[in-house]
Structure formats: C-alpha cells, structure tokens
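Asks: Sharing a structure with you now.
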Amino acid sequence: MKIAITGKGGVGKTFIASTLMRLFEKNGFKVIGVDCDPNPTLALAFGVEEEIVPLSKRHDIIEERTGAKPGTYGNIFKINPKVDDLIDKVGYKIGNITLLVMGTIEEGGEGCVCPASVLLRRLLRHLILKRDEVVILDMEAGIEHFGRKTIDTVDLMLIVIEPTKKSLITAKRMKKLANDLGIKNLGVIVNKVRNEDKELLKDIIKEELGLEVLGFVPYDEEVIKSEFLGKPINLDSKAAKEIEKIFNYIIKLKNTT
C-alpha cells in the first residue's frame, strides 16, 4: 500500500502521517515513512531529537550513485542510479518503521535535472513501484518539488484540511492534481475539528470538493502537548482513535485492490 498525504502547511499532515505509520506497525506491517517536506519534521513526531541528514545533503552518496557532484549542471551523470539499497543505507529505524528524509533541492528550481534531483526522484519511484512495505509519503503542500510523475501510481492520496478557507483552496488544487495524474482513490481528512461543526463541514466539503470525508480528527490538547514536548501521541488519545478509523478504512481498501 502506497499512500501520499498532502495538504496546506500547518494542517497536521505530519501528525496524521506518523500516527498512521505507528498503527500499521502495531498491526504487523513493515513501514517506510518518507519525509518529502523541505522543512522535515517527521522524525520529531516519533520523538527523535537527533538530526537526520536529508538525502539531498548526502553529497557523498549523490556523487557515488550518479557519478557527479551535487549542484553541477551540464556534466554527464547517470540518469538511472542504483537506489534499491538506499533505504537500508540512509534510513532511520524505529522498530519496524524506517524513516527516510528526502530534503530539498535548492539549485535549479522546479524540474531541475541535476544529480540530486535525479537520485531523489528515482528513489521515490522505486519506493512506490518496487517495495513491498507500506510506504507513507508525508508530502509538502505542492509536490512540484519532486515532479508530478513521482506519485502518479500511489494507491491512495489523503488530503488533510482544517476548518479554514485557505486549506480548502489547497485541497481543491490537490484534487485537480490527483485527477490529472489519474489517482483513483482520494479522500479527505479534516483535522482540528469541534464535534458541533462536523455536519456543517461535511456539507461544505461535499459541495466544494465532491469528496468523501474519511475522518474528522478532533481538536485534542494531548496532540498539542505531545508535539510541544517532541513525543509521539498516545494511541489511546481521542485524535489517534479517530485516525484508527481511517486506518481501518485503508485496510479495507488494501484488501480490495
């Protein structure tokens, strides 16, 4: 199962992504969690305080695999570098979860064809197409950073929103992107919700997006406390229990595809 989690910055993508990873692990799955955000914080959601150097900053590996130094243009380098062993080489293990921090490509802008971008994109494609583990991608708000074709074969795209107009606008953009890419399974998670607002939000999302709401994750002070302290959320918390319902939906989807 390959899942991309998207949405506007600050809506809680990383919290939801990390909780889903833990639920998959709890139920016996091996998981690869990929932090695709230029400001990587996925490891913090697991209580990892030590710095994990993003792959985009591992100049030694980039040069070893592509034959060219990062930041170089016009040079000859491999466009199909070996990536199948990189998960073991650069991944950070937490039980049966392996975290992979991709980092950002600062040179060349969108769509740059440079050694770092070639390596990162090829690795993402490998994770989605070749690996047997559950792969969960914690994406940035706009995935153009890695190129649209990197995620066109995911099994499910989850769009996380909060009760704001800005996040709804981003959700519309992500829905269009998913449709353009031919991603068939698409759902919405509404985060930071008050119980009394659920029906109103459900109606608005149906009208504005035409998508199914897979879950309403409540505003939960335990989430705020855990994020402030840099500790994983208690899986018995109100928010985690709602995410567990979403997990159960994903398992049903997995068993029918």
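Each residue, glycine too, has its Cβ placed from N, Cα and C.
Sequence annotations record features per position, and here Swiss-Prot assigns ATP binding site to Gly7, Lys8, Gly9, Gly10, Val11, Gly12, Lys13, Thr14 based on sequence analysis.
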Asks: Neighbour count first, Cβ atoms within 10 Å, every protein chain included; then name which of Lys8, Lys13 tops the list of binding-site residues.
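Replies: Its Cβ has the most other Cβ atoms within 10 Å: Lys13.
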Asks: Within the chain of Gly10 (ATP binding site), which residues six or more apart in sequence place their C-beta under 8 angstroms from its C-beta?
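Replies: Long-range Cβ contacts: Glu162.
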Asks: Could you check what DSSP calls Lys13 (ATP binding site) once collapsed to helix, strand or coil?
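Replies: Helix, per DSSP.
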Asks: Which of the three DSSP-derived classes (helix, strand, coil) applies to Lys8 (ATP binding site)?
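Replies: Lys8 (ATP binding site) sits in coil per DSSP, no helix or strand.
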Asks: Can you tell which of the binding-site residues (Gly7, Gly9, Gly12) has the fewest other C-beta atoms within 10 angstroms of its C-beta?
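Replies: Candidates: the binding-site residues Gly7, Gly9, Gly12. Fewest Cβ atoms within 10 Å: Gly9.
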Asks: Excluding near sequence neighbours, so keeping only residues 6 or more apart in the same chain, what lies with its CB under 8 A of Val11 (ATP binding site)?
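Replies: When sequence neighbours closer than 6 are ignored, Val11 (ATP binding site) has Val160, Ile161, Glu162, Ser167, Asn191, Lys192 within Cβ distance under 8 Å.
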